Amino acid sequence: MKNKTLELTPPQIISLGFIFIIGTGTILLALPLASRSGIGLSLIDALFTATSATAVTGLVVVDTGTYFNLFGQLVILFMIQIGGLGFMTITTLFALALGKRINLRERLIMQEALNKVDLEGVVKLTKYIIIFTFLTEGLAALVLTLYWAPLYGWGQALYYGLFHAISAFNNAGFDLFTTSMVRFRGDWLVNLVIMFLIITGGLGFTVIADIYNNGFKWREYSLHTKLVLVVTACLLVVGAAGVYVLEKENPDTLKNLPFHERLLASLFQGVVPRTAGFNSVMIGQLRSPTLFLMMILMFIGASPGSTGGGIKTTTFITIVLTVYYRILGREDTPVFNRRLPTDTIFKSLSVMVVGVLLVIVVAIMLLAIENKPLEPVLFETVSAFATVGLSTGITSQLTPAGKLLLTLMMFTGRVGPMTVAYAIVLRKTKTTIRMPEEKIIVG
């Protein structure tokens with residue numbers, strides 16, 4: 001008789017899959033042959049970098065372009081690609097290539113990994129994800145290669161184009177330029193390509209598939225797609241406008257730039273908190289209100305089923321709409337002629353509460369361990385949880401204990417706080433017994 005106690009649940013398989021990828025990357029990055037100097041990276045720094053790449057975050061303790069050689073950079077690039085797509089997507093790709101049939105259990109794991117509400121079309125969606133990802137990254141890499149060729153030569157331009165296209169689409173934020181995109185902050189083409197990749201990667205593959213299948217027919221879109229598009233557009237406008245208004249008089253960031261650079265930098269910095277850690281101005285020089293605005297945008301993050309992190313746009317809008325309609329005295333939560341299910345509302349509240357608690361607890365622990373001010377510590381903590389990668393510059397200065405805390409945050413943020421919780425907690429069989437109800441005083 002089969003021993004069911006040894007069967008792993010989908011959340012456990014997903015978590016263990018990411019742990020395996022991170023472990024493999026840690027070993028490879030710690031090897032002397034991964035660095036330019038020939039000196040191996042310390043184990044904690046290798047673990048941090050491998051987690052950051054696999055979790056498509058972008059926080060770094062050593063500069064990617066100057067510390068790692070070609071081998072080390074390619075290891076990081078492969079981890080970004082696997083981490084962005086998800087190891088189950090890669091596993092399914094190989095299975096399909098070998099002609100293997102995807103069984104029900106594997107489909108259930110894919111459903112969990114893609115954050116899909118049902119099993120219908122999960123294999124078809126996986127195929128679409130793979131094709132769309134490689135096609136988008138390839139076209140963007142081609143554009144960047146052609147543009148950078150006169151500046152860097154064809155070989156270097158091709159490598160730079162491919163690396164940054166993959167990093168941007170997967171919302172990773174790893175770069176090879178030391179100062180991220182600061183040198184290109186006035187370059188419209190580079191900025192637009194990177195922003196397009198970040199936004200596209202952050203929409204979620206379900207949304208992209210819906211747009212592909214229905215064209216620009218708004219009425220044909222699912223409620224999920226409509227909410228993602230509206231919330232994403234609003235957050236992009238708020239982010240860009242907020243950065244411009246708050247930073248236009250800051251001499252360390254926007255004030256001394258020409259108008260077109262000021263506008264472009266604001267747009268770019270309004271996009272990147274959607275969980276991609278590129279920057280065209282120095283984050284450590286931003287004013288406090290701007291940092292807090294970016295923390296809010298980072299915490300909200302991208303959309304479900306995407307390469308980005310955060311609590312997700314649909315989680316955010318579900319909570320906002322629920323609170324709004326409760327204030328109006330309504331029991332339900334209507335939106336676009338539909339009503340949000342109660343379990344969706346409860347799940348959204350759970351995700352947000354767990355996220356807030358994680359950020360608070362880890363920030364307090366970092367403040368106790370590190371001799372750093374509250375603002376940069378909180379910013380770094382949110383950046384790690386939301387797998388953004390933006391940094392005020394303190395990450396490389398953290399103690400091993402501090403780096404380990406952020407490593408755990410990046411892992412939890414990428415896999416998903418609820419998925420990690422489900423993987424750890426043994427979920428009991430549903431019971432039909434309901435306890436008596438009694439009201440308490442709240443608010």
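Note: Cβ is positioned from N, Cα and C throughout, glycine not excepted.
What TrEMBL says about a protein is an automatic prediction, not a curated fact.
Sequence annotations record features per position, and here TrEMBL assigns transmembrane segment to 12-31 (among others). Listed as Cβ neighbours of the transmembrane segment (12-31) (distance under 8 Å, sequence separation of 6 or more from its ends, same chain) are residues 40-43, 46-47, 49-51, 53-55, 68, 72, 75-76, 79, 82-83, 86-88, 91, 109, 112-113, 411, 414-415, 419-420, 423.
Under the heading transmembrane segment, TrEMBL lists 43-62 (among others). Within the chain carrying the transmembrane segment (43-62), a Cβ under 8 angstroms from the stretch's Cβ atoms is held by residues 18, 21-30, 68, 76, 79-80, 82-84, 167, 170-174, 275-278, 307-309, 380, 383-384, 387-391, 395-396, 398, 400, 403-404, 406-407, 410-411, 413-414, all 6 or more beyond its ends.
The transmembrane segment feature in TrEMBL is assigned to 74-98 (among others).
As annotated by TrEMBL, transmembrane segment applies to 128-151 (among others).
Here TrEMBL flags 157-177 (among others) as transmembrane segment.
Under the heading transmembrane segment, TrEMBL lists 189-212 (among others).
Residues or ranges marked as transmembrane segment by TrEMBL: 227-246 (among others). Outside the transmembrane segment (227-246), and at least 6 residues removed from its termini, the chain residues within Cβ reach (under 8 Å) are 199, 202-204, 207, 221, 254, 262-263, 265-267, 269-271, 273-274, 287, 289-290, 293-294, 297, 300, 303-304, 313-314, 316-317, 335-336.
Summarising the annotation, TrEMBL assigns transmembrane segment to 286-303 (among others).
The transmembrane segment annotation in TrEMBL covers 309-328 (among others). Using a Cβ-Cβ cut-off under 8 Å and counting only residues 6 or more beyond its ends in the same chain, the transmembrane segment (309-328) has close neighbours at 55-57, 171, 224, 227-228, 230-232, 235, 275, 298-303, 334-335, 340, 344-345, 347-349, 351-352, 355, 385-388, 413-414.
The transmembrane segment feature in TrEMBL is assigned to 349-369 (among others).
For 404-425 (among others), the entry in TrEMBL reads transmembrane segment.
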Leading contact stretch, 157-177, 189-212, 349-369, 404-425 vs the transmembrane segment (286-303) - CB distance under 8 Å: 189-212
Range from 157-177, 189-212, 349-369, 404-425 with the greatest count of C-beta pairs under 8 A to the transmembrane segment (128-151): 157-177
Positions whose Cβ lies under 8 angstroms from the transmembrane segment (404-425), at least six residues beyond its ends: 9, 11-12, 14-15, 18-19, 22, 44, 47-48, 51-52, 54-57, 59, 83, 112, 115, 309-310, 347, 350-351, 354-355, 358, 362, 365-366, 369, 380-381, 384-387, 395, 398
